[in-house]
Amino acid sequence: MGTAAIEVRGLWKIFGPKADRIIGSPDAELDSAALRAKTGCTAAVRDVSFEVRPGEVFVVMGLSGSGKSTLVRCLTRLIEPTGGDVAIGGEDVRGMSAAQLRELRRHRVSMVFQHFGLLPHRRVLDNVAYGLEIQGVAKAARHEKARAILSLVGLEGHEDSYPDQLSGGMQQRVGLARALAVDPEVLLFDEPFSALDPLIRRDMQAEVVRLHREVGKTMVFITHDLSEALKLGERIAIMRNGSIVQVGTPEELVGAPADDYVADFVRDVPKSHVLSLRWISRQPDADEPLDGPELPADTVIHDAIPAAMASARPIRVVADGELVGVVDRVDLLGAVRLGEAGGDAEHAALAGSTAEEA
Amino acid sequence: MVAAPADMASPVPVTARAQRLVRWLPAAVAVLVVVLYVVFKNTAVLPHDDDASLFRGLNDARDWVDENRNTSPFFLYFINYLRLGVAELFTLFQTALTGLGWPGLVGVAAGLGWLAGGWRIAVVSVAGFAGLGVLGLWDASVDTLALTLSAVLLSLIIGIPIGVLAGRSPSVRRVVSPVLDVMQIMPTFSYLSPIVLLFLIGPASATIATMIYAIPPAIRITALAIERVSPTVVEASESLGATRWQTMRKVRLPMALNTIALGVNQTIAAALSMVPLVALIAAPGLGVDLIRALARVNVGAALVPGIGIVLIAIVLDRITRSAAVSRARSRIVSWTGFAVLVVAGVALTPVLAPEFPEQWQIQIVRPINDVVSWIEGHWYGFTGFLNDTVAYGLLNPLQDLLTSAPWWLITLAVLAFAWRISGLRAGLIAAGCLVLIAALSLWEHSMETLTIVVVAAVITILAGAALGIGAARSRWFAAVLRPVLDAAQTMPSFSYLLPAVALFGNGRFTAIIASLIYAVPVVARLVEDGLRAVPGTVLEAARSAGSTDRQLLWKVQLPMARSSLLLAANQGIVMTLAMVVIGALVGAGALGYDVVAGISQQEDYGKGLAAGVALVLLGIMLDRITQGASGRLNPEKKRIA
């Protein structure tokens, strides 16, 4: 599996005394409260496995206490995992010596933090250059690089400010610039925008999407905000009590939640904005005309509305040049209504419609 | 008695009968103590004996050390080199400061002031140091400055690394913290005798004594500063692959720097308050004149060097305090200004002569003494009345009580009292201290010292609590009180002796007044802070239920501020002890006087050394009694003095 940017196999992190003895023992099956009562240990990450493809934006989503921040710290051993394997770019992270680990952190993986973690006694420029400075890059070179990165994140002219003179959004741009300055293969984001106002948050999310387009780094993004996860993530892992409940594209999570927990999570998501025509298309009735507009199967339902408005005929849903089904105005209206009504009835109805399709 | 605190501490429900028992227990114990006192009065009283065998033994030990000072390897290869090294450092500072001449030194002070806080601080520095010359104190001030700087430098060189270690490693902290606790409750007098034994008298031992007193704040505040560095920033640094040393040098230390500068400030303040005390062990400087004048109750002659020390304290305090408040200023402007001021000062030295010109000096000893004798003459009715009331109404009866009660009864009473307030462990330690004091053959003198401390501490705590409550309840009262308390805390501790002597002459009452002035500000501040820390929502809830202000205070604020109040009492008592001991210089006698006599008279050395130990025991005892069951809460508040 050398092709994955990050590969995690059976990762465990248990806090507490003699934590390493728990993995593999029957205690590992206990739930958190029982485990704490019996051993005094807390399992923050339980037997987590996933892969991140190069250039992918992989989102780990969960409520606070679900272990997602611990998980992301285990990737570069900011928190030492208790068990399992982590490979970055095919190299085993857990077997690295302190020096190798430092090299990994200096050159290949960098991180953006929720509370920014900027150095208050340094100018913005020196904050951004910090990673290069500890690598031993000469002052002129690191300042040049830092200036370039600052203009990439839209902070030209603020080089000589101190962090506390900037707004929260701008401070996080500095944090982002600091992470980008060392030109890493992988960027880790630990709830980077949770501390920001909603409007600023939206700007910053757009900024991440833009940066991803421009620099194409592999990104692991931790968040507790579902809409953020859906907006940014190519794939999303949902965490609960230290375990990953489901990994999938936004469409898979919304369309086919693995269990009630995930279903509850995605309940209020407007389905028509996430699901594609594939999820609601059906076999044409015998007498239905098949000369309507043609749309690819991965078109989001919401985006199909203009086509349906332009033509009364059912939309032909195509994948790889073959007809997979049709969608008419009633189907579309039903999907949009379901998405907005919310609740279990809708979920059941949607499940029914996908079953129909199958 | 045995069951009481345990029952009170445990939350399990007890039967009504047991509850009644518990409620009456303290009263029953008190009655029992009174009965025992009446029955056993004047038995087992341990009267003072100047010629106790322990004292003679200690004298013999001193003689042995004196004989072997230049032959024993411990002295030859370790202690003596230490002494020479420290003395060398002092001489170095002294030579350098004298070499600058007065214009040069004023220039350097101005430059440092400018560097730390701009022109305001520069002006304060010039005015303060020039004031030393005007008062005719230049040479003595230079000696004091050299001694203070050597002690502070050593304190920082040793203290900051220990502080950094303690801030990084909980296990180091666990070792260091109790040691510092004991160092801070030790009255300063208590370690003069052992230091003299090891390092003889002179600047070296004075520097070391000063260092012992000044190093705890350096360690504590550094540890606190390092500990408090934001973990997010440290993590960010580690996530970028910084080594431990890089994170320490580029993140932890710079971020802790402002707080560490406050530690330097406290260290200097502590060092300066030792100036008059180290004069007792032949340190040159302002302390010499001060001590000599105090001994002769010449207030004017004591006040002038006292003012000198206060001036040095103010200048060094302002410089370090403004250095601790970071602000972005152009480095070029700062350093140019610094260089200009220093060069100007040094260049003026040959022009103006290195000695402070005599025609610029003023004599204020006589006018001060005139004022003092006027006060003595006109206010005697009032001061004499106060003095006599406290002496005959409080001090003498209490002293009679403590010296006529059997020693075991007092020990048991202290055990019960400390148990009730701070738990069994504290009670046993406190009682153990008393037993050791009895073993030191210093029971009577210790009881005399305890008498003064108890009276002073009770007055201090009452006055401090009243002021603190007032300040917490009234905004304008707080606004008036704050600057007064701030100013009071910048002063070196002994300076409070001077106004007390001016008003009340020599004696125990003067020591009480001095400790009042010294400790009340701290108590008041702790009480005020504790009351203010009660959450606003709780107060709002109590008010909305219709509480009156008085109910609010007694039923909500005071109970919720319990730990702050205990801390205030603890600080008040420890500070009172420190001041009462120094009060030996103005005739408060007892243990403090034994220490002074031990240093100045060969044959009293053993008694002085034992008295120093007794003072430490007394300090530990008083500290434990008021420590509270929860222990010390906030290391920061510990060192406000």
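Using the three backbone atoms N, Cα and C, a Cβ is placed for every residue, glycine included.
What TrEMBL says about a protein is an automatic prediction, not a curated fact.
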Quiz item: TrEMBL lists transmembrane segment for one of the ranges B:332-353, B:398-419; which is that range?
Solution: B:332-353
Self-check item: Stretch contact, the transmembrane segment (B:256-282) with the transmembrane segment (B:145-169), Cβ-Cβ under 8 Å, 3+ pairs
Solution: yes
Practice problem: Report, as numbers and ranges, which residues of the same chain sit near the transmembrane segment (B:426-443): CB under 8 Å and 6 or more residues beyond its ends. | Solution: 45-46, 48-49, 52-55, 407, 410-412, 414-419, 591, 594, 607, 610-611, 613-614, 617-618, 620-621, 624-625, 627
Self-check item: Region pair the transmembrane segment (B:189-215) / the transmembrane segment (B:605-622), three or more CB pairs under 8 Å
Solution: yes
Exercise. Sort out the residues at least 6 away from either end of the transmembrane segment (B:332-353), same chain, that have Cβ-Cβ distances under 8 Å to it, and list them.
Key: 100-108, 110-112, 114-115, 122
